[in-house]
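Summarising the annotation, Swiss-Prot assigns repeat 'Solcar 1' to 13-106 and lists sequence analysis as the type of evidence. Per Swiss-Prot, the feature transmembrane segment maps to 19-39, 87-107, 122-142, 173-193, 220-240, 293-313. If you look up Swiss-Prot, you'll see Ser51 marked as phosphoserine, on the strength of similarity to another entry. The annotation repeat 'Solcar 2' is assigned in Swiss-Prot to 116-202. Feature annotation from Swiss-Prot assigns repeat 'Solcar 3' to 214-309; the stated evidence is sequence analysis. Per Swiss-Prot, the feature motif 'Substrate recognition' maps to 241-246; the stated evidence is similarity to another entry.
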Amino acid sequence: MVGYDPKPDGRNNTKFQVAVAGSVSGLVTRALISPFDVIKIRFQLQHERLSRSDPNAKYHGILQASRQILQEEGPTAFWKGHIPAQILSIGYGAVQFLSFEMLTELVHRGSVYDAREFSVHFVCGGLAACMATLTVHPVDVLRTRFAAQGEPKVYNTLCHAVGTMYRSEGPQVFYKGLAPTLIAIFPYAGLQFSCYSSLKHLYKWAIPAEGKKNENLQNLLCGSGAGVISKTLTYPLDLFKKRLQVGGFEHARAAFGQVRRYKGLMDCAKQVLQKEGALGFFKGLSPSLLKAALSTGFMFFWYEFFCNVFHCMNRTASQR
């Protein structure tokens, strides 16, 4: 079970083991879902409608976008920005899961609330994600820039990107989109953790005979369901974040269609509504849901898997 478990037979992992499990979970998950992330970002940054009926639209579907990216940029394009993305995932996973475990334990020991309640998991999950976001946000901006650029490349290496961005846009560039990121990540991560816990309880209630026979499958399915629910409810804020993160990077976006500048979160929301309609808030939702189902499912699956491995190692060591 993710989060502090007061039961005597609960996992007894150290904080270091929790951080390692979170890091490895992030690393493996990122490698598997990177292509969906690249397609999602391309959709989010395209101002034209995602439709064949719009002659100016570069992308209009997942398969079409996949073929076009493959033809124009080669298979490595699906892992553009993968190094900063992996740094992001490893750091984010460690901070998020460690913070969540510590916060739920703090709630259990210092309040009257049960650490396993939906509301506790929602608040602790949201706060843990905010802590992780503040830690790794500069890397997220770098990842978005790498994934968003076409050919010819503006940034050749990670060091080149850091130097160019700092000289041309100043240090504040590394925290572009932070406000909508924090606003979006709190409910998104809160829903991930709380829905995951609730879906696991529902699964055990619906299929009590299963017990622990298919626990790994249960973790994967419940994680995927939690990912779809949380992503659907918070998607517009993710779109605003991506649009704001590429501000000042318009020259590299010219090959993808229209280019717009935004003054801030509210201006971005207003322009999207006026020029792209209400459906503009959900551009790229289909690859995002696919990505959310896979990434959240794998995230919880691998985290629980490695925590269980460490728990078994600790138990074996204590019995010697």
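In case you wondered, yes, glycine gets a Cβ from its N, Cα and C as well.
Tertiary proximity for the transmembrane segment (173-193) is limited to same-chain residues at least six positions away from its ends with a CB under 8 Å from its CB atoms, namely 2-3, 96, 100, 121-130, 133-134, 137-138, 140-142, 165-166, 226-227, 229-231, 233-234, 237-238, 240-242, 244-245, 247-248, 264-265, 268, 296.
The DSSP breakdown of the motif 'Substrate recognition' (241-246) into helical (H, G, I), extended (E, B) and coil residues amounts to 5 helix, 0 strand, 1 coil. Confidence over the motif 'Substrate recognition' (241-246), given as mean pLDDT on the 0 to 100 scale, stands at 76. Neighbour list (Ser51 (phosphoserine), Cβ cut-off 8 Å, at least 6 residues apart, same chain): Ala57, His60. Across the repeat 'Solcar 2' (116-202), DSSP assigns 73 helix, 0 strand, 14 coil.
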